[in-house]
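Feature annotation from TrEMBL assigns compositional bias 'Basic and acidic residues' to 42-57. TrEMBL lists 41-81 with the feature region 'Disordered'. As annotated by TrEMBL, repeat 'TPR' applies to 84-117, 338-371, 372-405, 447-480, 516-549. Taken from TrEMBL, the feature transmembrane segment applies to 20-39.
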Amino acid sequence: MAASKPVEPQSGSGLPRWQLALLVGTPIVLGVGAVYLWNRSRGKEKQGKRNGERKTPEGSASPVQGQHGATNPELENMSPLDRAQSAKNKGNKYFKAGKYEQAIQCYTDAISLCPKEQKGDLSTFYQNRAAAYEQLLKWTEVIQDCSQAVELNPCYVKALFRRAKALEKLGNKKECLEDVTAVCILEVFQNQQSMLLADKVLKQLGKEKAKEKYKNREPLMPSPQFIKSYFSSFTDDIISQPLQKGEKKDEDKDKEGEASENFLIHSGYLKAKQYMEEENYDKIISECTKEIESGGRYTAEALLLRATFYLLIGNATAAQPDLDRVINMDDASVKLRANALIKRGSMYMQQQQPQLSTQDFNIAAEIDPRNADVYHHRGQLKILLDQVEEAVGDFDECIKLRPDSALAQAQKCFALYRQAYTGNNPSQVQKAMDGFEDVIRRFPKCAEGYALYAQALTDQQQFGKADEMYDKCIELEPDNATTYVHKGLLQLQWKQDLEMGLELISKAIEIDNKCDFAYETMGTIEVQRGNLDKAIDMFNKAINLAKSEMEMAHLYSLCDAAYAQTEVAKKYGLKPPTL
């Protein structure tokens with residue numbers, strides 16, 4: 001699929017990716033994206049109540065022994081604190097009976113009776129009253145009482161989480177995120193409820209920010225290496241083929257004295273193709289526009305080429321009308337229409353519209369059943385949809401049509417490997433690993449084969465051999481920044497060599513200063529080191545380079561998670577342990 005970079009289906013860990021910016025410990029690579037999850041050995045004690053709903057107030061629902069050892073004494077003989085505790089216990093009984101208004105009155109009495117110096121007890125009374133207000137959906141009152149409880153006891157998990165939920169109900173996502181981040185840190189990321197709320201809020205914030213940012217972003221041409229890699233994933237793409245005989249460059253025509261006689265010299269599309277060969281990509285869209293506006297001979301090709309570069313700069317809104325026109329042009333060749341369907345299908349997948357994406361790929365297969373690109377890119381789509389068997393079938397069809405397609409061979413092996421690995425099938429895992437060996441033996445010049453094999457080897461903790469595979473990738477494609485990032489991540493996991501890891505990722509940025517994956521990874525590592533300001537800077541750089549709104553939303557989630565930590569550190573002095 002013509003995507004900006006590989007996207008891994010939801011990991012079996014069940015942990016959302018925003019936790020990359022929060023968790024700390026031993027790094028574990030998760031598949032194609034070589035994403036790091038930092039887990040922590042601490043906090044292994046039984047969590048008990050941590051995984052349950054925090055709906056009930058604190059304290060016994062029946063009268064308890066007072067501080068002075070008396071049982072059920074007359075109120076006038078009780079200390080102020082004992083009287084406050086008695087009121088609270090009465091409130092708890094009302095709460096459990098569902099009589100929340102009466103419970104609130106009892107908790108209010110407890111607050112007024114409690115000596116001010118008894119901060120722990122007083123914070124409990126406020127938190128209990130907040131719990132009753134929560135049942136009545138009085139979110140403002142919940143926030144007020146929880147704030148009182150937190151002021152008295154800054155590390156009060158129940159009050160922080162209850163306030164976070166109320167803030168989320170009122171749409172105060174930023175403040176909600178700060179509270180739930182504090183809760184996650186205090187609970188050592190062991191409570192599923194708090195992590196789910198954090199994940200929900202981060203996704204909402206990310207989508208909101210990305211929608212606004214992406215709409216107003218300046219188009220940015222990717223690096224030449226990225227563009228060449230993109231086009232190399234197609235074998236039947238007419239527009240990416242070199243200039244053919246009869247499509248000579250202008251200067252060649254001049255030498256032959258034909259410049260004024262041959263109409264081809266005036267073709268914006270042919271000039272655009274010439275610029276492609278020269279890697280002068282910034283001029284391609286304007287030249288294609290000239291061809292389209294003049295109604296030239298290559299209008300269909302120019303529409304498809306312009307749409308392709310609109311997609312590459314992240315302007316799907318401009319790309320779609322061009323793709324639609326090509327797809328619906330009766331006089332356009334089948335190859336052009338199929339290629340447009342592949343690219344529109346890939347665009348739909350980036351926009352999280354899998355049904356429309358699948359529909360376009362299926363139509364492409366119907367109109368051009370001998371087109372290997374259709375099956376190759378549809379196979380990648382099926383992997384994203386976690387439909388591995390169908391993906392393998394598509395890769396097989398691609399290989400049947402193009403036996404020399406090393407990329408399809410390698411991706412088929414990786415699909416089979418992921419299926420076996422996630423299904424905990426050791427014999428099939430080994431079969432897939434043998435398949436990788438066969439691929440790199442038959443296609444020793446296919447860098448992608450080594451890269452995918454390296455990721456599978458890393459999963460199997462065969463770090464030394466994985467490192468060798470990445471070295472082969474670098475030997476074949478020394479300007480591929482992504483390989484340096486993967487190799488850097490491997491050093492962290494294998495040798496815990498932070499210095500070497502950062503050096504390799506910095507090298508990736510030096511090779512390609514538009515590699516958003518490198519900035520994202522660097523930001524994640526800086527979070528683990530406690531360098532939150534630097535991490536936020538790295539995430540912002542990645543955001544400015546994001547190639548889709550979905551990718552940008554994910555990056556905003558990481559950035560917001562890091563920013564929330566800075567605020568929590570300022571307010572409560574809470575920080576996760578660092579590397």
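Every residue, even glycine, has its Cβ placed from backbone N, Cα and C.
TrEMBL labels come from automatic prediction, so no person has curated them.
Secondary structure of the repeat 'TPR' (516-549) per DSSP, as helix, strand and coil residue counts: 28 helix, 0 strand, 6 coil. Looking at 84-117, 447-480, 516-549, the range that has the most CB pairs within less than 8 A of the repeat 'TPR' (338-371) turns out to be 516-549. Counting same-chain residues at least six beyond the ends of the repeat 'TPR' (372-405), those with a Cβ under 8 angstroms from any Cβ of the stretch are 1-3, 7, 9-10, 233-237, 338-339, 341-342, 345-346, 349, 354, 357-358, 361-362, 364-365, 411-412, 415-416, 418-419.
Tertiary proximity for the repeat 'TPR' (447-480) is limited to same-chain residues at least six positions away from its ends with a CB under 8 Å from its CB atoms, namely 29, 31-32, 34, 225, 229, 406-407, 409-411, 413-414, 417, 421, 429, 432-433, 436-437, 439-440, 486-487, 490, 493-495, 511-512. Taking DSSP states H, G and I as helix and E and B as strand, the repeat 'TPR' (338-371) has 27 helix, 0 strand, 7 coil. Counted with DSSP, the repeat 'TPR' (84-117) comes out as 27 helix, 0 strand, 7 coil. Broken down by DSSP into helix, strand and coil, the repeat 'TPR' (447-480) contains 27 helix, 0 strand, 7 coil.
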